[in-house]
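**Q** TrEMBL feature annotations, pasted as is:
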type	residues	note
DOMAIN	23-147	domain 'VOC'
BINDING	Glu77, His95, Glu143	Zn(2+) binding site
ACT_SITE	Glu143	active site, proton donor/acceptor
DOMAIN	153-281	domain 'VOC'
Amino acid sequence: MAEAASLAPNADLLEWPKKDRRRFLHVVYRVGDLDRTIKFYTECFGMKLLRKRDVPEEKYSNAFLGFGPEDSNFVVELTYNYGISSYDIGTGFGHFAIASQDVYKLVEDIRAKGGSITREPGPVKGGSSVIAFAKDPDGYIFELIQRGPTPEPLCQVMLRVGDLERSIKFYEKALGMRLLKKVDRPEYKYTLAMMGYADELETTVLELTYNYGVTEYTKGNAYAQVAIGTDDVYKSAEVIKLVNQELGGKITRQAGPLPGIGTKIVSFLDPDGWKTVLVDNADFQKELEHQ
């Protein structure tokens, strides 16, 4: 009986991520020249510069860009560390993705502005979806996907993982995501899973890719993390601790307010070492209002 009683609170706690108001807020990564990347993203991809901040005492600057306001859309948070002009992207990071109603025209525009296209637009192998790939000035890859109108054009973050089933379970249990789609392509020796909070065509998804037989990847020092909103960082942290015990990963910053900003966060690693930060929804809203 005692064992059953101790399990009950855990069972209740594990329900929390599914009840919580979760949303992808932004993805954070490092660039070697902030103005160069802003110019590329606004001119080539059609993103808007939403805000910029310089923190000289910590020797870094940020820029936030996206296709809509931060209180409703997923955005990129670029970080420039003073004096550092290049980073190692590593082998684990895959790509970001942008949905467009006309990939052929988007590729033309990118090329006309001096951008690098690494895969010409055309249907995917064995399918009808039209895609292309572009590379930004720091070497980050963007998949360009042809789709109808969408409220969220910045639609994917792709990361490679060493055990897909473990990762699916982790993101379901620790973060309350749903498995939206799973595709196995034995002819190309990979399986992928789309994880998220709403339909793949309506919102941003995390695309986890498992390449047959590859269990480890290098992380480099370029890609940093995804930030997701929560109504309670403390409760969310308790869930993460439980899931870490079962599946791996660890908390890297305990739940609490950030010095100087006051926004409450908790940050942690998944079993592959990919970092996620959960950000208090109300604090994040205040941050946007007082920028």
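In case you wondered, yes, glycine gets a Cβ from its N, Cα and C as well.
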**Q** Counting each residue once, how many in the domain 'VOC' (23-147) are helix, strand and coil under DSSP?
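**A** Looking at the domain 'VOC' (23-147) with DSSP, the answer is 25 helix, 58 strand, 42 coil.
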**Q** I'd like the number of other C-beta atoms within 10 A of the C-beta of Glu77 (Zn(2+) binding site), please.
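**A** A 10 Å sphere around the Cβ of Glu77 (Zn(2+) binding site) contains 20 other Cβ atoms.
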**Q** Take the domain 'VOC' (153-281) and count its residues per DSSP category (helix H/G/I, strand E/B, coil), listing them in that order.
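**A** Tallied per class, the domain 'VOC' (153-281) gives 31 helix, 57 strand, 41 coil.
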